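Asks: In case it helps, Swiss-Prot gives these features for our protein:
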BINDING   K14, S171, D172  ATP binding site
BINDING   S52, D139, N151  substrate binding site
DOMAIN    275-353  domain 'PUA'
Amino acid sequence: MRPFVTDARRVVVKVGSSSLTTAAGGLDVDRLEALVAAVLPRAGQQLVLVSSGAIAAGLAPLGLARRPRDLATQQAAASVGQSSLVHSYAAAFGRAGHQVGQVLLTATDVIRRTHYRNARTALDRLLELDVIPIINENDAVATQEIRVGDNDRLAAIVAHLVSADLLVLLSDVDGLYDANPRLGPATMVREVRSDTDLDGLTARGTGTAGVGVGGMATKIEAARMAASGGVTAIITSAANAAPVLRGEEVGTVFHPTGSRRASRLLWLAHATAPEGRLHLDSGAVAAVVRRRASLLPAGITGVEGDFAAGDPVDLVDPDGRSVARGLVAFDAAELPVMLGRSTADLAMELGPSYEREIVHRDDLVLLLPAR
């Protein structure tokens, strides 16, 4: 038995589209009800369910034979399918005496400070009221440029958002193998304690899903995200949902490799693509990396990209290495006149709104360790 599972009081479970849908792509209510029966929380335990399946559930009603490739049709399918998905969850959990609440998140909700606080407060209150949050990315409004992109990473972010004790990633594969078990002999990797345990492994082609976007590679990345922030994660199949939550030794465990930190910083480090780059001198690199200071304009030597205030940008050292990533406080077009200058000088010339950081330390995450 695994005491870190049986002792967990707040658990996030993620289920993929392939575990909830028929071969034709529609919602399989029987499979959904079986999943609900398997993940019902124990007395004193709180459950958060991150569920894919909205787009897949919308395919059949819209007469679509397969998952659409264009964002607009995906959003239409999500809009149609989400209501059906949550209605089915509400009915299944309701028969067991549990209330559910729908929560749709976008990347903005976990990266902007005010959105992040509001999302965390809302989820905490739902759990305090003994409600099971059913979470999905808000596919109907998320843009291609700023979206989480798969529910595996969203689940890892949510696990930190709610300070979960455990993250369980369910799919159609019962764990991580050293080769594709469908193509030949393979050995399951039972435990991952560091990235070196993943050396030489391939994660392509290990699933059968045709209606989702998450494969084994995204599950590994999500488990690493969770572990790097102090949350234990397990990858296993939906068929193993009940055994894994009972503490049986199934699936692959990713043990914590770091301490807990804000979910939005994990999102910055693992799930964002930078919109630009700020080149720093050696003094600014030392301030940001070693002293964990905010980035001031005096230490910036160059700007790349066409970004807006609030976008993620990489901070680059004189050797061209990205040492940190943060949310920039100014548009790219505003920065050239600010480079290499003190905030006091800028305030005198351009006004008091320029007497502030380019990237605040609270909006910054290191990509390389301090040396």
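Including glycine, each Cβ sits where the backbone N, Cα and C put it.
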Asks: For the domain 'PUA' (275-353), jot down how many residues DSSP puts in helix, in strand and in coil.
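Replies: The breakdown for the domain 'PUA' (275-353) reads 27 helix, 23 strand, 29 coil.
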Asks: What is the interatomic distance between the Cα atoms of S171 (ATP binding site) and S52 (substrate binding site), given in whole Å?
Replies: 10
Asks: Sort D172 (ATP binding site) into helix, strand or coil using the DSSP assignment.
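Replies: Looking at the DSSP assignment, D172 (ATP binding site) belongs to neither helix nor strand, so coil.
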Asks: Taking only the residues the record lists as binding ATP, namely K14, S171, D172, what is the largest Cα to Cα distance between any two of them, in Å to the nearest whole number?
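Replies: Answer in Å: the longest Cα-Cα distance is 12.
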Asks: How many other Cβ atoms are found within 10 Å of the Cβ atom of K14 (ATP binding site), counting all protein chains shown?
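Replies: Within a 10 Å radius of the Cβ of K14 (ATP binding site) lie 30 other Cβ atoms.
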Asks: Over the domain 'PUA' (275-353), what does the predicted model average in pLDDT?
Replies: 94
Asks: Rounded to an integer, what is the Cα-Cα distance in Å between K14 (ATP binding site) and N151 (substrate binding site)?
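Replies: Just about 7 Å between their Cα atoms.
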Asks: Would you mind reading off the Cα separation of N151 (substrate binding site) from D172 (ATP binding site), to the nearest angstrom?
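Replies: If we compare the Cα positions of N151 (substrate binding site) and D172 (ATP binding site), the gap is 15 Å.
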Asks: Taking the Cα atoms as reference points, how far is S52 (substrate binding site) from D172 (ATP binding site) in Å?
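Replies: So the Cα of D172 (ATP binding site) lies 13 Å away from that of S52 (substrate binding site).
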Asks: So how many other Cβ atoms are close to S171 (ATP binding site), meaning within 10 Å of its Cβ?
Replies: 28
Asks: Inside 10 Å of the Cβ of D172 (ATP binding site), count up the other Cβ atoms and send me the figure.
Replies: 16
